[in-house]
Amino acid sequence: MPDLSLEADFRARGFQLIAGVDEAGRGPLAGPVAAAAVILPPGVSGDETCKRLSPARRESAAVAIRRYALAWSVAQVSSREIDHIGIGPAVVQAMMAAVSGLRPPPDGLLLDWVHIKDCDLPYQRIVKGDQKSLSIAAASILAKVSRDREMESAALLYPGYGFASHKGYATADHLRRLADRGPCPIHRRSFHPLNGAPRRDWTTAPAAHSRGSA
């Protein structure tokens, strides 16, 4: 279960405000990628990761995180920008935008494995970071909640695609609807199968990342 051991190790090296950073929405065929950054105070506890929470419990956890965090920030990068720069750079852009929104600003980062080439802050990449760092787990929850709400709003703007249920991921239902209706403005046209497979094959084509994926 995630805890604050990694944050404590950072503080032992002289850094005080340690932000956990994570993203949500790297793989879907539609919608933005979201990222969040969270600075938690020493002494808080938690025992769940984003993936193990039901939507209702995730919403409740997000409320608690926003209440008790020393600082938190969420940012998104649109599907249009993802198509322009690639998903890997888009993830980094969202993460750094979230970090830039923190007040007070952090002096160290814990990342869920993503490598950021140009970063002025010291950081540590953690494999399965949301399962080890409570700050990363909190960021994962805020990013997921933010993106899910965005896709629920998209379901009202673009009815018929089922965005409220699958959140843009390449489920069988989404692929079927996509083949029937064609893409809408928030679909990622650089992602397979939208980037070249014949439309008649979209219901069976597996989703894959576009160029620039990490």
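Heads up, the Cβ atoms here are built off N, Cα and C, so glycines get one too.
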Range among 165-189, 190-214 that TrEMBL annotates as region 'Disordered': 190-214
Sorted by sequence, non-Asp22, Glu23, Asp112 residues with Cβ within 8 Å of centre, divalent metal cation: Val21, Ala24, Ala35, Ala36, Met95, Leu111, Trp113, Val114, Gly129, Asp130, Ile136, Ala139, Ser140, Ala143
Residue among binding-site residues Asp22, Glu23, Asp112 with least C-beta crowding, 10 angstrom cut-off: Asp112
